[in-house]
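Data block below; observations after.
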């Protein structure tokens, strides 16, 4: 699991500062880091790779599908990385929410909100040059939470967009390698 800052600079300096602290002083969790705006999480799994993007960073507010303008450069960076992958890699943009009742918005359900969020991210990837034939989107609504919806921190984990990179078994190691190198360039130096 790799925590990825939205861009380089101060975030990298802060992460280096945090990692140089003794373990007893460094008590931040991945959720805390994501909430502070440090970035997303890349996970390598058997079927491919999953980039988890917190909705709190991506969207203007908790019930919006409007992408935060500050995140457009980050999505552009993701699009450039996708363009380096083999064309046979399929990318499924997946939307998830927590189970908090929706306030009166234009969305009638969590599925609808999650679908619109995934679709918006997919449209931006296409805008930045990703081949539409490689893309699809899915909505999971409030199903498939990664944490119980019993606290603000856990609900923030569940409100996310995942970019799932899938390919056949022959390309998995190549895809993992490209994504690791692109999203975590300092790993190669260690």
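We number each residue from 1, going along the chain as drawn.
Placed from the backbone N, Cα and C atoms, the Cβ positions cover glycine too.
Bear in mind that TrEMBL entries carry predicted annotations, made automatically and left uncurated.
TrEMBL lists region 'Disordered' at one of the ranges 1-35, 36-70, namely 1-35. When DSSP labels each residue, the domain 'OmpA-like' (46-169) comes out as 49 helix, 30 strand, 45 coil, counted as helix, strand and coil in that order.
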